[in-house]
Structures are given as structure tokens and as C-alpha cells.
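Here the structure comes first, spelled out in C-alpha cells, and everything after it is commentary.
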Amino acid sequence: MDEATQRQDPIEETDAEKKVQVVPSLWGRLVSNHPESRHIDLIEHSIFFGRNPKRCQVVLHDPTVSGIHCRIFREEIPCQKYNNNNNNDGDNNNNNNNNNNNNNNNNNNNNNNNNNNNNNNNNNNNTTKNYITKITDTSSNGTFVKGCILGKDKTTIIQNGDMVSFTSAKLISSLSFTFLDLTNPYIDEPFEEEMNKKYSIQGILGTGNFSVVKRCIRRDTGEVFAVKIIDKKKFWSQTKTRRQMESEVEILQKIKHPNIISIIDIVQSDRYFYIVLELATGGELFEKIKQKGRFSEPEAKDTFKQILEAVSYLHDLNISHRDLKPENILISAVSHGKSSVIKVTDFGLAKIIGEKEMATTLCGTPLYVAPEIIRNCLHGDGGAQVNTGYGKEVDVWSLGCILYILLSGRPPFDFDHTNNFNLKLINQGLYNFSLPVWDVVTENAKDLIKKLLNVDPTKRISTKGALSHDWFNDDDLLRCSTVIANQSPISKSPQRSHGVVQLPVVDVKSKNIPMTLNSTTTNTTSPNNNNNNNNNNNNKNNNKNIIKSLNSNSNNYNNNSVLKKTSQSPKTKSNRPKLQFEQPSPNQHNNNNNNNNNNNNNNNNNNNNNNSSGGKPAIINNNGNLYSKFMATNNDPFDCTPTSTPVKPITNSTTTSTATSMPTSNSVTMGTSSTSIPVSNSITMKSPSILALSDDGDKKRKEKESSSSENVNDVIVINSNNHNNNNNNNHNINNGISSKPPPKRLKGS
């Protein structure tokens, strides 16, 4: 039957077609690796993914996704079934057909046709439909398969457990999925049929001496778990290990706590023992410590309290973990606005301890092992002493080591496998808080560590006592937000870079009162301010565009930053502010000269105030806003608070020859290359060369200040008045002022 006939048959049987409806079945699923993303069911044989809703069955709302990002489709492949009976029947038919061919030529063609039909029937009976799944990348930014970018117009086969990501190679992302083939009954690993009916086994998460932990997906719900697969052949003859495994299962079945990995399912077969566990996708606490170097005290308190509550719950059930360490503490995926949830896992060494029963098995990690275990280990070989065993107190010691690491990024005892010197340090409890990182840790935290790391197990604090410690009631931890150098043994501590400190914005244009950065002086105004303002109002239009540009460093001072450093270095001249000004009109020269003469007396009276105030450096951004570099009160450059009290302007140039004054006469004088800048209020600025906290800048500043006391002519006012009235300008130089009308607005604001 040709293709045209196949297309016409459904048209002739329209009524019958309405009675029969073929519903596509679910053949695959993309299981989301992110807790807040949903799964994607694969029903059609060819599915397009992308941002274009008209051409894609699955629309992905992400700016990095292309219109047609990729295509996932299935291809049918034949799979032969070997049947000996059918093969023998086919051979007999072929022999009979050959005999008929010898007898009659006319029947030969018929027999050949029948023979071909029989062969076709045999082939149809011996084949079954099977599919492979492929993915084609059609995107610009790339589609990631198993962590590697596929490449545009390239196709590859995806199998059970392969990770497919549409945006990045990261495992946990909003568009990262794990492919699950629901129709293929075969998997690569030789796992039991009962387990395969319920779960799809995928990549390895961890390995042990007798078990392997893998990722698994429940087929009916798509939920992701971790399964611990134990091969019975490796331990079934070992009584001690067998009891240990049975004890672990018994413990896990009893535990129900939000901070402990819970057991989901148990499947046992002749060969394997499967323990399906809750999966924490946030990684290990050990990796988080390596990444951060150390935790702030509030973070450490929140994390350690969850660990302590989990261990206390175990101890209430008369259970000891025996192997507490950051590697066995997992972090669940963090949702937006929620704190991370800690999960204690790996009970491979845990046992149920009776009231009169004490375990004497040496176990645990040496870095977190308790002194009583060390004593038993050191005296066990010689047989001089009988092992006294140990109980739940070993978990408390391990908790003390974990808290020490959280707050410092370093272990309390560095273990060396070459000798037992460090074991003696553990046995004697020789640790200290000498690192600089401990300077900002509260005494309550240190006291809790001391009680947890008590070498005498009888005097060691319990988990209940630790939860009621004063450290968990101490909420005054604001000073712990200070930036501390990274003390992690993994990475070196970064060098502190000198930069400009940013403070909250002070808008000098919004008020009509003079303002400086010294909050200790009182508010006084010049009696000639009104005259200056009246004269300057006539020339507002001429100076409307006085400031054409300011240095690019002002872009770093934004309104949202309170205390932030910049990476720009102002040591070179190219980084200093470059100012461009327009020449004032000739009529303005005379007005400015008169104003300058009137202001000389007032400025001379303010010399003493200027000497005592020590004017603070400031910055004006393109919007005309004032930014203070330092407003320290206790000689601490990082104790910065914005001034709110208007004070008297500082205008004495004899003590600030390298500084810039912005008096009420609406001008600014900047250092040896200063220029008059019209502003609306009075502030004091130092030279931009001082704004960088560098050694070179401090040295140059001191040289300029020493030279300024001898020659006040180092302060030069770039003004067109200089060539007209030198005498007046000399007075202006000595007083560090210059008069210009204020602009109506700053250009570029």
C-alpha cells in the first residue's frame, strides 16, 4: 500500500475515526534539578524548546534562551529477538519452496512470493520497537549536556540520568534538568528488577568501603532521592559489618527530625540492599567552609544550632553518631528569603547504645576524634590498660571542633599522619584563640567552645546544656559584621586595598545654610552673604554651564552605598579631576572684585576656626551632592557618620594651602591647580591627591603643607580677574576665596 492510499483511508472512514482516539503516551520526563522549577513531561516524539511560543511546544522564559533553543526527539531502532523454533520453521519452508521450484516453473514465482511474504512475517515477528533519544542544539548561547556545551547544529544521544541544561553547566539552576526515559526497561547497571520498577538509578554521589550512593528518581512522581546501594557479597560473611548495616537501618527508621536526613524507602533483594534517602542538593558544609573561609558569628550560630538540635535529638533516642564532621553535614537548597536548612547524615558508624553498654570500637576521623578515643588507641596495643569505651560525649567533642572551624576557618588541631604529636595535642586539649580572627568573636562563643572541648568527658557539657548556653541568647552581634581577613587554610587572605570611603549623600543644594564636614563647630553665617547673592543673581544665566565635566571617579559615589571601597588609584595625574570652565563676562569681573574685597575681613576673622577644625575632605558628584570621605569622631577612619548640624565655613588658606575652600561666596579653590567652582553652599575640600589613602599621597600632602606656610602664593585661583586686579587677587589668595555667581543648575546632573 503506497503512501497516498495510507493518507486516503482515514478520510473514507471518517465516522470510524471519530470512535477511535489515539492518545500519545508519556515516554520521558525532564526532572528539574532546582527545587522551585517544575518537571517537563515528554509526550510528542519531537519537542522544540525555546522562547518562541509559536514554534516551540515548551516555552522557556529566560533572556539567554534562543527563540528555538533545542530539539529533543526519538528515533526508532530495530531490536532482534532470537527464536530458534521460528528459524527452523523458516528453513523448512525455504526447503519446500525450493523443491516446488524444481517441480514447476509456474509455481516458482508464486512460491518465491510466498517465501518473501513468509520472510517478511518472520522479520515482523522477530522485531520489537525500541527508541533512542537525541537532542539537537539550535541555540546561539549553547545547550549543555552532562555539563558540556553541545554546540550549534550538533546532535547527540541522551540516556537515563543525563543532565540537560538550557542556560549553564551548573547542576542547580532554574533551567537544569535530568533526563528520565520512562519506556526503556533496560539500564546500564545490573540492578534488581524490583528496584528498577520504582526508581531510575543515575550518577554516583559518593562511595564507601561497602556501599555506593547514587542519585535516583521515582518513576511515578519524578521525585529525586539518594539511594545507598550495599552489595551483600562484600560484607555478608563479615558479622561485624553486617550488624553495623542492620543497626544503621534500624536507626534511620526511627529518626524523624527536620535537621536529619530521613529514610524514604528500603528495598532488599538477593544481591543488593537499597536504602532510599532524602537528597540535600545544597552540598556539604565542608565545601561551604572552603568557599567562605569562615562564617560570621550570626551565620555560625544559626548553622551550629541546627546541628546541635539534630545531635541532641539523637542523644534523646540513645543514639550516638560517632562520626560528626563537616563532610557528613549537608545543606539543603536555599529558597529566596529563607535560611539554609542543615541536614546531618551518614550513620554508618552509629549504634544504639544501652544504658549499661559502652562501645569500644575505635572509629571516627582523627581531626575530630575525642581524647578518650586517643587514650584507648594509644594504650590498646600494649594491653597495659583496659579500654573503658566512650559514649555520647564523643559527639560533643566533635561539635566543639566544628564550631571552632565555623568561626575561624581552621581546625583546632592540625592532624599529621607522619607522627602522633598532634594526637598528643588532642589528648591534652592544647588549642588557642590566638588568630586575629578571634578578636571579633564574642566571649560567650569562646566559652562554649571551651566547654565543648573539655578533655574530661565527665565534665564536658551535654547537648542540652549547650543549647541553653548564653551564646544562643546573645543577640548583640552587630560588631561581627566587620570585614575580617580570610584566615582559611585553603586560600590566602586578601590584601587590604586603600580606597575612598563612601558615605550617605548630603544634598547641599536642598538647604540655604552653609555647611562643612566638621560637626564640632557652631553655625555662623557671613553678614555679606545677602549682598553676594543679590549680585550673583544678575549673572546666573552667564554661568549656567560653568561646570562641563567632573572626573570619572565621581561616578563611584552613588546614593546607595554607605561604606564601600573603590579600586581606582589616584597616584597618577590622569586619575585626578579634570575641570573645564567658561570665562566669565567682563562685567562680572568688577562685581567679583568688589565682592572679594568685602569678604576679606570676614574671612580673616574665620582663620582661627579653620585652624582648629581640620577641614575634612569631600567630593561633589555630577549631581551637586556632597560626599564626605571621613567624618570620624574617635580617630577611627571607618567610624563614619554624616554631619547634620550646619556649621561655619572654613576659609583660611594658610593652614590648608593644599585644600580647597567653598565659602559662602559660592566658589571653590582647589590646591595648587585650583579653580573657582560656583556652588550654592559652603563646604571645605582637600586636594584630590589626598583623597586616596596611599603612602605617596600622605607624603606629598605633608610636603605641600610645610611649603604652604612659607609661600602662600602656591594657592592659585584660575580666574579672569587675575590680569585685571592683582592686589585684590592677592587678598583672595591669602584667604582662599573667590567670588562668582552660583549656577542655576549643574551641567550633567
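Here, residue 1 is simply the first one shown, and the rest follow in order.
Just so it is clear, glycine is given a Cβ too, placed from its N, Cα and C backbone atoms.
Some features that Swiss-Prot has for this protein:
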- D323: active site, proton acceptor (ACT_SITE)
- L205, G206, T207, G208, N209, F210, S211, V212, V213, K228: ATP binding site (BINDING)
- 84-126: compositional bias 'Low complexity' (COMPBIAS)
- 516-561: compositional bias 'Low complexity' (COMPBIAS)
- 562-572: compositional bias 'Polar residues' (COMPBIAS)
- 590-611: compositional bias 'Low complexity' (COMPBIAS)
- 651-667: compositional bias 'Low complexity' (COMPBIAS)
- 668-687: compositional bias 'Polar residues' (COMPBIAS)
- 696-707: compositional bias 'Basic and acidic residues' (COMPBIAS)
- 708-739: compositional bias 'Low complexity' (COMPBIAS)
- 47-150: domain 'FHA' (DOMAIN)
- 199-472: domain 'Protein kinase' (DOMAIN)
- 84-130: region 'Disordered' (REGION)
- 512-620: region 'Disordered' (REGION)
- 640-749: region 'Disordered' (REGION)
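Under DSSP, D323 (active site, proton acceptor) is assigned to coil, being neither helix nor strand in the three-state scheme. Here the CA atom of D323 (active site, proton acceptor) lies 18 Å from the CA atom of V213 (ATP binding site). In this structure, the CA atom of T207 (ATP binding site) is 16 Å away from the CA atom of the residue listed as 'active site, proton acceptor'. Annotation note: T207 (ATP binding site) sits in a strand segment as assigned by DSSP. Of the listed binding-site residues, namely T207, S211, the sparsest Cβ surroundings within 10 Å are found at T207. Each of the binding-site residues L205, V213 was scored by the number of other CB atoms within 10 A of its CB, and the lowest score belongs to L205. Look at V213 (ATP binding site): DSSP puts it in a strand.
Cα-Cα distance from L205 (ATP binding site) to the residue listed as 'active site, proton acceptor': 19 Å (rounded to the nearest whole number).
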